[in-house]
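These features come from Swiss-Prot:
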ACT_SITE  TYR49  active site, proton donor
SITE      LYS74  site 'Lowers pKa of active site Tyr'
BINDING   HIS106  substrate binding site
Amino acid sequence: MIPTTVLSNNVEMPLIGLGTTHSGGYYHDAVLHSIKKCGYRLIDTAKRYGVEKQLGIAVKNCSVPREEMFLSTKLWPVDCGDEVYNAFQTSCEKLQTDYLDMYMIHMPQLPDWIVNQKETKEKTWRQMELLYEDEHVRSIGVSNYSIEDLDELLEFASILPHANQVELHPWFHQADLKNYCDELGILTMGYCPLAKGKYLEDETLCKIASKYQKSPAQICLRWSIQQNVPTVPKSTDCRRLKENTNVFDFELSAEDMNTLNSFSSQNRKIVDLSNICQKMSLPDGYKLNGRVFGVPEEDETIPKSCSKCAQKQNVPLPVCI
């Protein structure tokens with residue numbers, strides 16, 4: 001069982017979850033393997049990724065009771081204001097659930113065509129609060145919010161976000177933002193915890209990994225959870241899916257934590273959100289490029305390719321099938 005942390009409203013959240021961003025495609029077999037064989041219970045997704053329907057099928061067919069799962073998805077900014085409830089309902093229908101464990105606003109930015117930006121942000125958050133008050137969701141949160149974005153939210157929020165999900169790894173650990181969230185009782189969640197693998201061959205990181213007889217990726221994940229930061233690495237590889245959960249049998253020393261913290265002086269942010277407003281009107285899941293593999297054939301409503309098709313097309317499929 002993957003250990004949990006506790007949100008400010010006493011809701012428990014697993015410290016390691018499965019990320020499902022649309023980059024790299026969707027592999028149904030990998031999702032099922034993560035739940036059934038590796039013990040994942042936190043599934044983190046977003047309307048934007050275009051895989052909610054596929055994940056709903058996986059959760060339905062995984063044989064794990066819904067109440068043992070922690071489903072988290074996100075509101076895309078085009079569904080702001082009065083559209084929040086409809087967007088929530090659509091996500092729930094696709095995920096085949098009547099409630100969410102966490103519902104987050106994906107971005108602080110709104111589309112350029114919104115005239116009254118601050119008023120719309122306030123209305124959007126109020127709709128999120130109503131979902132929580134009416135017990136449609138167990139917690140509400142935000143994603144990619146800076147200190148300035150949170151300050152703006154605090155001007156009108158009756159209920160503070162239970163979490164703020166941001167890019168967070170040793171090369172970009174946003175200590176000031178995390179400390180600010182800690183002061184407010186907002187849990188910091190991390191995405192992109194391995195920096196997309198760009199620096200896993202770093203000499204210092206590899207020395208630390210050798211010391212603990214762990215992989216560099218496990219050291220990065222341990223660095224996150226040791227700060228009480230739930231994190232959601234994405235993988236479609238069976239071995240790595242399991243490896244990512246084997247980070248609870250050791251503890252990094254204070255010296256090694258400080259060494260890893262020092263990597264952030266390089267300020268190597270991986271995810272570029274600078275032009276996000278120009279991309280808001282693109283279709284959900286546009287990065288999938290049709291790479292949806294292994295969804296059961298009886299679910300004809302979902303555009304997909306089976307695992308055999310993936311192999312015929314020479315698509316890498318490093319999962320147990």
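Just so it is clear, glycine is given a Cβ too, placed from its N, Cα and C backbone atoms.
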Reduced DSSP assignment, the residue listed as 'substrate binding site': coil
Where TYR49 (active site, proton donor) sits in the secondary structure, as DSSP reduces it to three classes: helix
If you count the C-beta atoms lying within 10 Å of each candidate's C-beta, which of the recorded positions TYR49, LYS74, HIS106 ends up with the smallest number? HIS106
State the Cα to Cα distance, in Å, between HIS106 (substrate binding site) and LYS74 (site 'Lowers pKa of active site Tyr'), rounded to an integer. 5
